[in-house]
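These come from TrEMBL:
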type: TRANSMEM; residues: 7-28; note: transmembrane segment
type: TRANSMEM; residues: 40-59; note: transmembrane segment
type: TRANSMEM; residues: 71-98; note: transmembrane segment
type: TRANSMEM; residues: 104-121; note: transmembrane segment
type: TRANSMEM; residues: 133-151; note: transmembrane segment
type: TRANSMEM; residues: 163-184; note: transmembrane segment
type: DOMAIN; residues: 229-362; note: domain 'GGDEF'
Amino acid sequence: MTRFLDVISPLVSGLGLAALVVLAFSLLLRNSSQKRPNGLVLGLLFGFGAMAAMVYPAIYSPGILIDTRAVMLVLAAPFGGPLAAFVSMAMAALTRLYVGGSGLYAGLLGIAVSGGVGLAYRYGLNNRLDLRGLVNLGLLTPVYLLAFALLPRDVAAAALVSTGPHVVVLNFAGVVLLGSALAYELNHHDRLIALQAAAERDPLTKLANRRALEAFSHTSALHLGSGGEGYAAVMFDLDHFKTVNDTFGHDAGDIVLSEVATAIRSNVRHSDFVVRYGGEEILVVLPGASAEGAYGLAETVRRKIAALAIAYHEQSIKITVSAGVACSSERCGDLDAVIKKADEALYRAKSAGRNRSEIFYHTRAA
């Protein structure tokens with residue numbers, strides 16, 4: 001009984017310390033706007049979990065340590081990717097090198113095999129992170145015990161007989177329970193990201209909406225007074241859009257608006273921000289652009305949209321857009337003020353006959 005407790009108690013303690021990884025993982029997700037935290041950060045996290053499991057090992061004999069490091073090493077790749085796997089393996093290997101002892105080489109091989117199991121699972125077995133998948137991963141975890149082959153045969157046999165069953169059961173439980181907790185946190189985070197993306201996306205045009213624009217204006221370096229590089233804004237508006245709706249119906253109007261949004265999005269840079277500003281108005285914010293550069297974009301988009309023939313029930317719908325261009329300045333870097341200027345320039349384009357682009361305070365013919 002005493003020998004049983006000597007083995008079980010350290011292993012359970014190691015799993016308890018490794019459970020702190022779940023808490024840290026949850027905190028990382030809650031403070032990350034990305035779908036997944038950085039692989040290096042996750043590697044450090046899983047690596048510390050493996051090291052924590054090695055702090056209180058069951059010592060079978062001097063230099064031969066029995067612990068649950070394999071749990072964290074096996075989970076690193078499925079939840080953090082290859083970088084996380086290699087970082088965690090490196091941290092565990094350095095710790096094992098520091099400890100040394102007669103079981104050093106077996107320990108290092110066990111670390112490599114454990115990490116390899118996680119990588120094989122991620123890239124060879126569909127990386128399922130539901131309960132069934134984690135059960136399968138838990139069943140694969142004891143493969144690392146093959147590293148005992150590097151120990152003298154009698155020592156390896158005795159160690160496997162006396163500690164092997166306990167290690168297999170606790171490693172299996174650790175992979176399934178801790179993996180399930182990590183998967184829950186990951187799924188919860190993914191749902192929040194999806195809900196946030198849906199809340200900031202216009203369902204018809206798939207462009208950002210006004211809510212996303214507000215967040216963009218607060219997070220981007222658009223204000224010259226705060227060291228921003230300056231930017232331009234282009235406000236597009238569909239000409240005679242009400243006529244399209246009245247003539248062809250609102251379904252046709254939705255198709256036309258969606259096609260126009262696609263045409264605009266396909267002609268801007270990756271760094272530009274495109275938003276359905278309201279109704280048939282689409283705003284493009286161009287960081288680092290001059291008024292002339294933004295005007296050139298507006299004219300390119302305007303001409304391409306004018307050349308479109310949008311099919312609807314065997315009919316061809318033609319549409320044009322007008323555009324207003326404004327640029328930030330030393331005296332005016334506020335996005336709302338620049339949008340207002342672009343809107344005024346758009347009004348001038350509409351008043352001058354539509355299907356044209358105007359720069360704020362400067363008339364430019366189409």
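Placement of Cβ uses the backbone N, Cα and C atoms for every residue, glycine included.
Model, not experiment: these values are computed from the prediction.
According to DSSP, the domain 'GGDEF' (229-362) comprises 57 helix, 38 strand, 39 coil. Most Cβ pairs under 8 Å with the transmembrane segment (163-184) belong to 133-151, among the candidate stretches 7-28, 71-98, 104-121, 133-151.
Over the domain 'GGDEF' (229-362), the average per-residue pLDDT in this prediction is 92. Same-chain residues lying 6+ beyond the ends of the transmembrane segment (40-59) with a Cβ under 8 Å from its Cβ atoms: 6-11, 13-15, 17-18, 20-21, 24-25, 28, 65-69, 71-73, 75-76, 79-81, 83-92, 95-96, 99, 111, 163.
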